[in-house]
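Going by TrEMBL, these are the annotated features:
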| type | residues | note |
| --- | --- | --- |
| BINDING | Ala45, Gly95, His141, Asp213 | (6S)-NADPHX binding site |
| BINDING | Lys183, Gly184, Ala185, Val186, Thr187, Gly212 | AMP binding site |
| DOMAIN | 10-280 | domain 'YjeF C-terminal' |
Amino acid sequence: MATGTWREWTADDASEWLSAPSADDDKYRRGVLGVITGSPDFPGAAVLGVEAAHRTGVGMVRFTGPRAVRQAVLAARPETVGVPGRVQAWLLGSGMDTDHRSFLLAGDLQHALASGEPTVLDAGGLDLVGSHTAPTVITPHARELARLLNDRDIDATVEEVEADPAGWAARAAEELRVAVLLKGAVTHVCDPDGTRLTVTASTHWLASAGTGDVLGGIVGALAATHHERLATHATAITYLAATAAFVHSEAARRASEAWEGGPVTAMDVAHAIPPVIGRLLRGEARSPRP
Ligand SMILES: NC(=O)C1=CN([C@@H]2O[C@H](COP(=O)(O)OP(=O)(O)OC[C@H]3O[C@@H](n4cnc5c(N)ncnc54)[C@H](O)[C@@H]3O)[C@@H](O)[C@H]2O)[C@@H](O)CC1
Ligand SMILES: Nc1ncnc2c1ncn2[C@@H]1O[C@H](COP(=O)(O)OP(=O)(O)O)[C@@H](O)[C@H]1O
């Protein structure tokens, strides 16, 4: 599939899409991320996404996912607010199963989508694409993208998506009219307007359970902290998603370096986000890759 030119997102690019709080900021002005993720089977996905959002520097994380998950989220990160209220961006779906969606949960998800706030749709929230009106990015891996396209009567096997991730990410963006972040060793980020960006992972240790949930938290936090920009420039969601993938990759590299190049857990990656953001905000170039 011909998809135009793809450009690798750099540290300089990413640093333009990060911001530190100013003297005028408070937690609401900084941005509140609403999170509806996790399930009794996958509470960890919610914990990881919320941790990553906090570490990315959002004003507040408001978790209104399943009750069975809330306790784990609040125990791991007591800064999280567990009641509904003002939200400026949403992260929906990580650790959820589309086939086991309660009436209550379906209502909460629809309510979030109807709010018109920027939205990140991950994992068990991917099927909701199409009912959005606000700037939205979907964050599938190859299996999830193939499934999503099949559900929309577009034939694509997992093998085909893996063989041509650029082509299928671009096709999905056009067909679904949404920004797409297709995860992999090279992450492809694109949108229906023709923006085409890649982020090449700095370490393959990232290929472990839960790192995608961490990425969701980073994208969500950046959407929340840029809610004012997104209100006037919807296409900014694509650049924010690429920035999140870049921060995620660099955090994984740092986390692995802390273990002398050894394996990292998803939580290690989340904990390594702040120094990556600190360096990017100071305009310090990424250290050369080995
Ligand atoms: N700690 C956690 O709570 C975690 C929760 N996660 C959540 O788990 C849910 C499922 O995510 P997945 O990325 O696994 O979804 P996938 O669509 O990749 O896989 C769904 C199922 O297909 C099977 N499968 C897929 N690829 C396979 C392979 N190569 N060999 C054998 N069996 C295979 C597995 O049984 C798997 O459970 C998502 O909601 C995700 O957010 C994951 O992120 C992992 C960590
Ligand atoms: N071989 C690989 N090398 C480097 N990064 C990878 C590789 N495979 C996957 N990744 C990255 O790891 C993360 C895995 O996310 P995901 O597939 O959603 O896993 P999970 O659902 O377990 O969280 C993504 O950010 C993806 O880009």
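Backbone N, Cα and C define each Cβ position, glycine as well.
A map of TrEMBL features onto the structure.
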residue	record	DSSP (3 states)
Ala45	(6S)-NADPHX binding site	helix
Gly95	(6S)-NADPHX binding site	coil
His141	(6S)-NADPHX binding site	coil
Lys183	AMP binding site	coil
Gly212	AMP binding site	helix
For His141 ((6S)-NADPHX binding site) and Lys183 (AMP binding site), what Cα-Cα distance in Å is obtained after rounding to a whole number?
5
Around the AMP site recorded as Lys183, Gly184, Ala185, Val186, Thr187, Gly212, what other same-chain residues have a C-beta within 8 angstroms of the site's C-beta center?
His141, Pro165, Leu182, His188, Val199, Ala201, Leu206, Ala245
Just to be sure I understand the contacts, which binding-site residues have a Cβ under 6 angstroms from any atom of ligand 2? Candidates are Ala45, Gly95, Gly212.
Gly212
Determine the binding-site residues, out of Ala45, Gly95, Lys183, Gly184, Val186, lying near ligand 1 in the sense that the CB is under 6 Å from one of its atoms, and give them in sequence order.
Ala45, Gly95
Please name the residue among the binding-site residues Ala45, Ala185, Val186 whose C-beta has the most neighbouring C-beta atoms within 10 angstroms.
Ala45
Sorted by sequence, non-Ala45, Gly95, His141, Asp213 residues with Cβ within 8 Å of centre, (6S)-NADPHX:
Thr37, Phe42, Leu48, Gly49, Ser94, Asp122, Ala123, Gly210, Gly212, Gly216
Largest pairwise Cα distance, Å, within the listed (6S)-NADPHX binders Ala45, Gly95, His141, Asp213?
15
